[in-house]
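Worksheet: the structure to be examined is printed underneath.
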Amino acid sequence: MAVGKNKRLTKGGKKGAKKKVVDPFSKKDWYDVKAPAMFNIRNIGKTLVTRTQGTKIASDGLKGRVFEVSLADLQNDEVAFRKFKLITEDVQGKNCLTNFHGMDLTRDKMCSMVKKWQTMIEAHVDVKTTDGYLLRLFCVGFTKKRNNQIRKTSYAQHQQVRQIRKKMMEIMTREVQTNDLKEVVNKLIPDSIGKDIEKACQSIYPLHDVFVRKVKMLKKPKFELGKLMELHGEGGSSGKAAGDETGAKVERADGYEPPVQESV
């Protein structure tokens, strides 16, 4: 037998000895995720990230994270078939400030709308907002029976489908091109674009279940902290403790003007 140390025994002690288990969560911190001021409920949840160690900074690990939230959770509403994607753009204290990143309908809603004996009409268009965001909007609509119609089917002719698709693209382009991202999101929350399309297409063929089913973010302008702060209002910029920050609508009469103050 060769004279020398048995490396295996001296190095690790007992063969197959267990390593000391370190809880990975002890090195992590919780951050609050804040939605922009367009939504009623601002505090949408928490996210984990490893603490800053050397050159690895925690805030860099948070930037670019995408959160998918139901509109029901953002608006404290019952209608829950719209999902909004929010992306973290900046970190202030323990708050992740997010911006709109996309929208989608839930799978069960889409499946419930597709039925027999009707025509499904889809359209998509790439549009740039006034503040430089390039969005791709997808729209869907379905034909319905006319009043007093006896026939079971309600299929649109190819020419009518083309006219409706053209109308969809025109309305989506018009609604997005003339507004900034904040105003576009405010239109997507109640889906006023879908309702406008439904009204405009009644003369061609009656439609129902018209929705902007998806919005994709294709290009963004250069990040500006000032614009993000505007989206979040004062609540996003201050490092307040987490809590349910909810906004409430103030009802005012038409033509309301605030009273003039004598002294400031």
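The backbone N, Cα and C atoms fix where each Cβ goes, and this holds for glycine too.
Annotation comment: Swiss-Prot describes 242-255 as compositional bias 'Basic and acidic residues'. As annotated by Swiss-Prot, SUMO2 cross-link applies to Lys34, Lys249, with the evidence given as similarity to another entry. What Swiss-Prot lists as N6-acetyllysine is Lys34, Lys56, Lys249. Sequence annotations record features per position, and here Swiss-Prot assigns ADP-ribosyltyrosine to Tyr155. Per Swiss-Prot, the feature phosphoserine maps to Ser237, Ser263; the stated evidence is a large-scale study or a structure entry. As annotated by Swiss-Prot, phosphotyrosine applies to Tyr256. What Swiss-Prot records for 233-264 is region 'Disordered'.
Each of the recorded positions Lys34, Lys56 was scored by the other Cβ atoms within 10 Å of its Cβ; the lowest score goes to Lys56. Lys56 (N6-acetyllysine) carries a strand DSSP state (E or B).
Contacts of the residue listed as 'ADP-ribosyltyrosine' defined by a Cβ separation under 8 A and a same-chain sequence distance of 6+ are given as Trp117, Gln118, Thr119, Thr143, in order along the sequence.
Here Lys34 (SUMO2 cross-link) is positioned 23 angstrom away from Lys56 (N6-acetyllysine), judged by their C-alpha atoms.
Lys34 (SUMO2 cross-link) carries a strand DSSP state (E or B). Under the three-state DSSP scheme, Tyr155 (ADP-ribosyltyrosine) falls in the coil class.
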